[in-house]
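Written below as structure tokens is the structure these notes are about.
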Amino acid sequence: MTESHIDFRRAKFLISAPDIAHLDQYLPGDVGVEIAFAGRSNAGKSSALNALTEQKNLARTSKTPGRTQLINVFELDAQRRLVDLPGYGFAQVPLAMKMKWQQSLAEYLQKRACLSGVVVLMDIRHPLKDLDMQMIEWAVASEIPVLALLTKSDKLAQSAKMKTVNEVRKALAEFGDWVQVESFSALKGTGKPKVLSILNEWCHPQWLANELENQDNAE
């Protein structure tokens, strides 16, 4: 099947849900393709989503990290969605709330059959914290490909940036082809073409081709 190019600028807000159970209630079944964005509360997740879709206010940025508790879903087309998962790991969030978020994130990664890939965003100056590794391990254990995206790359000189990227690639080499590592700057746009290329590939898994073919045959 020839892959069509997905225009991520067409992303539009679909729904918000407090947890995975409610997500199942709101969405039309566990079908099509979802790409999830996860990261620590200060990883620049909202800024990255806005930069990738070229929409300033698609994902709301907050001056208070950890405030976004909802799972926010954005629609690309009838079959494809981007899912903005709650930020994790912020110190000022109560422990009970942290545990609830982590349980919800784990549940989503393990149970969502239409999940085609996970972008784990990390500040390039502070990569691979414990919860980042946990997210990556959960995804790979569920056989979901991961893009470890090192954000805010404009904060480092080119040599320091490449050094960090190589160190993270080495640290994640045990996961083989399941994990890719790239750097990205929402401010400068550096790394954007590569990220969009990976997302576009994830938008065309074989199971979606089979689903669409079955629909055509049924008609």
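Placement of Cβ uses the backbone N, Cα and C atoms for every residue, glycine included.
Keep in mind it's a predicted model, so treat the numbers as computed, not measured.
What Swiss-Prot records for this protein:
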BINDING   39-46, 66-70, 84-87, 151-154, 184-186  GTP binding site
BINDING   Ser46, Thr68  Mg(2+) binding site
DOMAIN    31-205  domain 'EngB-type G'
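Overlay of Swiss-Prot feature records on the structure.
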residue: Gly39; record: GTP binding site; contacts (Cβ under 8 Å, 6+ apart): Lys45, Gly87, Tyr88, Val119, Val120, Leu121, Met122, Asp132, Thr151
residue: Leu70; record: GTP binding site; contacts (Cβ under 8 Å, 6+ apart): Ser16, Ala17, Pro18, Pro86
residue: Lys152; record: GTP binding site; contacts (Cβ under 8 Å, 6+ apart): Gly44, Asp123, Ile124, Arg125, Ser185, Ala186, Leu187
residue: Phe184; record: GTP binding site; contacts (Cβ under 8 Å, 6+ apart): Ala48, Leu149, Leu150, Thr151, Ser153, Thr190, Gly191, Lys192, Val195
Review point. Just counting, how many other CB atoms are there within 10 A of the CB of Asn42 (GTP binding site)?
Key: 16
Study note, to complete from the structure: Rounded mean pLDDT within the domain 'EngB-type G' (31-205) lands at 91
Check your understanding: Counting other Cβ atoms within 10 Å of each Cβ, which of the binding-site residues Lys45, Ser46, Pro86 scores lowest?
Key -> Ser46
**Study point:** For Gly39 (GTP binding site): DSSP state (helix, strand, coil)
**Key:** strand
